[in-house]
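Student: Dropping a structure here in structure tokens format, bear with me for questions.
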Amino acid sequence: MIQQERMIVVRQSEIAQHIFELTLQGQIVQDMAPGQFVHIRVSDSFEPLLRRPLSIANIDKEAGEATIIYRAEGRGTEILSTKQIGDEVDVLGPLGNGFPVDAAPEGGTVLLVGGGIGVPPLYELSKVLNARGIRTIQVFGFATEDVAFYEEQFSTLGDTHFVTVDGTNGTKGFVTDLLEELKPEFDLFYACGPLPMLRALERFYPEKPGYLSFEERMGCGIGACFACVCKTTEATDQDYVKVCSDGPVFPKGVIQL
Amino acid sequence: MSHLSIQLPGLELKNPIMPASGCFGFGKEYGKLYDLSKLGAIMIKATTVETRFGNPTPRVAETPAGMLNAIGLQNPGLEKVMKNELPYLEQFDVPIIANVAGTITEDYVEVADKISAAPNVKALELNISCPNVKHGGITFGTDPVIARELVEAVKKVSKVPVYVKLSPNVTDIVEIAKAVEAGGADGITMINTLIGMRLDERTGKPVIANGTGGLSGPAVKPVAIRMVYEVYKAVKIPIIGMGGVSNAQDVIEFMSAGASAVAVGTANFVDPFVCPKIIEELPEKLDRLGVKYVKEIIGRSHR
């Protein structure tokens, strides 16, 4: 059920260059699932006007807290990064359909692939999968060491490999370069990151089932404004999907890449 | 009689608040969030004869206190709207205003003829003002002679009153308003979006794939108020006002300028619960003004 709530900031810190980790407390947390997102209004004024869709990195239902990790790169996220402990934030959520965790076979192994600011939702997913006894192999790509994050957190969950474009952390290059070298054995993959990465993964693992989480410029976040539509492939019976309400996670092969 | 009720051609409104076309889809998304029977009416997304995918993305861009959009009239087409969308809305006690769009006159006539026969469609809103399609839409809304002829053609087939949605992208909106009134329009809805553009900081190219988009949100409200004010003086048919409405105070401002009811657009994207919130706020705002019935404030700025 989608709700609107004024959540309370309980923690906020810069964990990498311009990358912020923000923890919010509220009732909405009880309904959250991995891969879903929240739509945040960073100001109560008309400036900026629209909400910001941000993925959920960690869900702590016991404490009633959810953590989001975002890059402060525009007017909205920069304002969000100035929020202090105790501040209230207008949150709409949880929105969208998350990762289908039941798709992972019992006792199986899954590959998690993330790129840049697409990495955060994979953390909650990894926690949930590991709690179900599913092994995770985790491969994450970043531009450079300065903007990389959560290496330790992911390492406690499973095999974790970092890749940076400039080689300042882990293998130099893209996630696919490392995957070529690693040749991991797994049953299915989940991925979130830039389109070229998702496209490369679809081509890299044509035989493996996989789920991709997409990012698109959004208006309403609930499926009404038609800002975030994507064309689908011929394999589906729909002409288009809306990333916000039909996604953001889709089985591979649904969206034209 | 309720203090908030308004009577308009074809429409018995419980209150003067309705979501604007294009900002509410066909109601399904919002129907999951609250009881749509609370609304005065619903202006559904523009319907064309054929299925339309709309424009390439990006289709929206934020601007100071507003946003640009170039969705491009994406809709499932007349047949599917009649079969899937309108029946869904029948479960709610709310009149539907069907937004009708097309490329040529015959398109408008065909959609109007069929959609006006749906049991819950109580009025049509002719979309002669969409700035985001290359053909049709705004070309009908910028020439008074063509606008009048289109209204006349649609009036011949429509089973319900016809409202015409005006574009602000004209030199003299009063001239167009008078033309559609002369053509037999039962009411006017105004304003559609203002054509605008935003360029990317880095590339210098338009942010929106379509190049231009329609500007909406609080930024356009003063323009809309001015236009409603002018048109109210010039025509006898009622006006449904819109353009940046975000709260009950804005509703009072539009009605004071001459609107008989008010549509809420972009604000639904910012806060999906905004319409019921405004309906709840309105009586208190009226009390503060010493007004008993909301209809008393229609056009009060002219008295």
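Cβ atoms are placed via backbone N, Cα and C, with glycine included.
Taken from TrEMBL, the feature domain 'Dihydroorotate dehydrogenase catalytic' applies to B:4-286. Here TrEMBL flags B:S21, B:K45, B:A46, B:N99, B:N127, B:K165, B:I191, B:G217, B:G243, B:G244, B:G265, B:T266 as FMN binding site. Per TrEMBL, the feature substrate binding site maps to B:K45, B:N69, B:A70, B:I71, B:G72, B:L73, B:N127, B:N192, B:T193. Annotation source TrEMBL lists active site, nucleophile at B:C130.
Describe the structural context of these features.
Tutor: Long-range Cβ proximity for B:K45 (substrate binding site), meaning a same-chain Cβ under 8 A and a gap of 6 or more residues, is found for B:S21, B:G22, B:F24, B:G25, B:F26, B:N75, B:N99. According to its DSSP assignment, B:K45 (substrate binding site) is in a strand.
Under DSSP, B:C130 (active site, nucleophile) is assigned to coil, being neither helix nor strand in the three-state scheme.
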Student: Using a 10 angstroms cut-off on Cβ to Cβ distances, just flag whichever of B:G72, B:G243, B:G265 is the loneliest among these binding-site residues.
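Tutor: Fewest other Cβ atoms within 10 Å, among the binding-site residues B:G72, B:G243, B:G265, is found for B:G72.
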Student: Measuring Cα to Cα, how far is B:C130 (active site, nucleophile) from B:A70 (substrate binding site) in Å?
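Tutor: Here the two Cα atoms lie 9 Å apart.
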Student: With every protein chain in view, what's the tally of Cβ atoms within 10 Å of the Cβ of B:S21 (FMN binding site), excluding that atom itself?
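Tutor: The answer is 27 other Cβ atoms.
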Student: What span in Å does the substrate site cover, taken as the longest CA to CA distance among B:K45, B:N69, B:A70, B:I71, B:G72, B:L73, B:N127, B:N192, B:T193?
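Tutor: So the binding residues stretch over 16 Å, Cα to Cα.
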Student: Relative to the Cβ position of B:N127 (FMN binding site), how many further Cβ atoms are located within 10 Å?
Tutor: 29
Student: May I ask for the distance between B:G243 (FMN binding site) and B:T193 (substrate binding site), taken between their Cα atoms and rounded to an integer number of Å?
Tutor: 8
